[in-house]
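These features come from Swiss-Prot:
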- 1-143: domain 'RNase H type-1' (DOMAIN)
- D9, D135: Mg(2+) 2 binding site (BINDING)
- D9, E47, D69: Mg(2+) 1 binding site (BINDING)
Amino acid sequence: MNQVVIYTDGACKGNPGPGGWGAVLRSGTLEKELFGGELGTTNNRMELMAVIQALGALKRPCQVALYLDSQYVRQGITEWIHGWKKKGWRTAAGQPVKNVELWQRLDELAHQAGHRIEWHWVRGHAGDPGNERADMLANKGVEQVLGR
């Protein structure tokens with residue numbers, strides 16, 4: 001099983017507002033950078049999109065070390081999602097899960113695509129080179145949708 005290290009990040013100028021996502025994928029000596037954005041979005045949606053796009057870029061099941069600065073995504077996929085699914089995609093308070101279509105896509109990629117994923121939280125803007133690069137790519141995604 002190929003080993004891949006992934007760093008992801010999302011950015012939003014205003015929340016909601018124009019946003020971007022970025023991902024850095026490394027396997028051995030190979031490195032791939034991905035980014036994109038949307039005009040009307042939120043930071044949490046962009047954090048989710050970064051992980052979805054990164055995992056979606058993998059061509060076969062991999063052993064993944066995934067680094068992200070979003071506790072929302074890390075806790076959502078490792079802790080909260082099981083309860084949401086049991087409750088028909090509702091929160092503990094009975095409210096519909098926000099960004100449900102993205103959570104469902106991430107669930108499919110994370111749990112049904114055959115990947116073995118270790119989820120690692122890193123503090124954002126704390127000098128981690130992979131996180132800083134993903135942040136730069138996310139901001140590039142914002143600039144792209146703004147036509148700059």
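Cβ from N, Cα, C; glycine included.
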Any further residue of that chain within 8 Å (Cβ to the Cβ centroid of D9, E47, D69) of the recorded Mg(2+) 1 site: T8, G10, M46, A50, L68, S70, V73, G124, N131, A134, D135, A138
For the domain 'RNase H type-1' (1-143), mean pLDDT (0 to 100): 97
Least Cβ-crowded entry, counting other Cβ within 10 Å, from the binding-site residues listed as D9, D69: D69
E47 (Mg(2+) 1 binding site): tally of other CB atoms within 10 A of its CB: 28
Cα-Cα distance linking D69 (Mg(2+) 1 binding site) and D135 (Mg(2+) 2 binding site), given in Å to the nearest integer: 10
Distance [Cα-Cα, Å, rounded] between D9 (Mg(2+) 2 binding site) and D69 (Mg(2+) 1 binding site): 7
